[in-house]
Amino acid sequence: MGLGSSQPSTKEAEPCTLQEKEEHPVDDTRQQNNAVPATVSDPDQVSPAVQDAETQVESIVDKRKNKKGKTEYLVRWKGYDSEDDTWEPEQHLVNCEEYIHDFNRRHNERQKEGTLARANRASPSNARKQISRSTHSALSKTNPKALVVGKDHESKTNQLLATSQKFRKNTAPSLANRKNMDLAKSGIKILVPKSPIKGRTSIDGFHGESPEKLDQGAEDTVTPEVTAEKPTGALLGPGAERARMGSRPRIHSLVPQVSGPVTAAMATTLAVNGKGTSPFMDALTANGTVTIQTSVTGVTAGKRKFIDDRRDQPFDKRLRFSVRQTESAYRYRDIVVRKQDGFTHILLSTKSSENNSLNPEVMKEVQSALSTAAADDSKLVLLSAVGSVFCCGLDFIYFIRRLTDDRKRESTKMAEAIRNFVNTFIQFKKPIIVAVNGPAIGLGASILPLCDVVWANEKAWFQTPYTTFGQSPDGCSTVMFPKIMGGASANEMLLSGRKLTAQEACGKGLVSQVFWPGTFTQEVMVRIKELASCNPIVLEESKALVRCNMKMELEQANERECDALKKIWGSAQGMDSMLKYLQRKIDEF
């Protein structure tokens, strides 16, 4: 019944008043039909029917929040059934505090009963423990200093047992009724949480430890390289993995024991069919095999074990983003690899050198990533860098440390590393796209013409100050620079070390296109995905046709340049020039 409805005057008065300052519309058509219209001469005057309605409230059934956030109560009227209940705003019930308090008390009791029932359904033993603890705490609060001994102790113990048994008897029928309830008919949906471990690539061999126990710092400093001396570990199967998260009973879903050499093909198969994890991939050494044995029987909780002689080195926090969720990201230390749909993304992020400088370790990792991309289903490779610098060329500090030991032998090793690195770019059959996000210096700029498309950030700049370094050019720049920008501009860059802005490099042909810094990444990814949607055979054949007459010439130029570097680095004058350059850099800093 609404507030505008009239009630028989023979009803007994209740100690509840219903105040209304303005007319309250009633939506229920049945109430309007049954109500006697109230005649009000003045719109501001409350009708006698409304004034008399304060005696007609029987109880409050429910409450809610309206669109404006105000509380409304569902009122049960005397002489009417539940179909005639109406929602009334709280300000109309200011004198019905007795009914409101009664409703709130019943509402709170129902909530407590529901919470206790859920706890009992999950574990009845926990409920019994809870009632025992609460009873014990109540007794202890009564007289916390008194020691309960003798008959007093016995009587209180019996009291606790009686309370527990009474609770058990009362809760047993309700639990039985719940078990017999048809969940399908009741519309209740049971959501089973998905294990966060399921589908997540394991980056190292940890033994049955839940992810909540892992220290955040330790997780960030994980270095994924696993040596052949890695101890025997236990891997969890899908069933046991779910059991560890509490979503399923523990099931010993056995992973077949693998004893003896594990080849790369076997590890790939295990990873694909879902019965293996990435420790197989991580445990592969350079020769492609490693002895490892796995079993899920007798799994015990333990700490993560990291076996890496370089784990004491600081981990670059710039890598704490989604690339570390991919399996290939854990194979390298100085680069990050993302295997995406149709292409492979290689990012320079060196730990063993500063500003993404190149030393033999970084070069080997880039070569390994390119070899993997050449063999898989990637249509092209995107090469970029993490941070504000693309590549600062060779790591001269690394070279100086080794040249002081055995100059002739170390100079040969370093020249050979550069030769293999450059040849990898020359011989790579799939398109290589470079996204230059910052300065590209020395070898970092020389390899750009060996790639197929170069996109640059507006803030990037390019320089090859080889004479300042005290070395001869590298990266086939003696051939590619004159072909791209002409002899005069090439000599200006290679001899005098002229610095080119991104726009100047684009005008000379070293860069294909320049993008605004704010949208650089988005522009690159849009164009990469367009290229990745093309036919891979068309892409490879197109590159082969463009490079067919240059491959042998580039390999010969690379050989000549490395021989010159070997000669310079093996001489005392070359060492002095390099030391002078480093000293100038230190003074400038």
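Indices start at 1 and increase along the chain as displayed.
A Cβ is built for glycine as well, from the same backbone N, Cα and C atoms used for every other residue.
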Going by Swiss-Prot alone, which of Ser210, Ser278 is annotated as phosphoserine?
Ser210
Which residue among Ser59, Ser82, Ser202, Ser247 does Swiss-Prot mark as phosphoserine?
Ser82
Name the residues of the same chain, 6+ apart in sequence, whose Cβ is under 8 Å from the Cβ of Ser82 (phosphoserine)?
Val61, Arg76
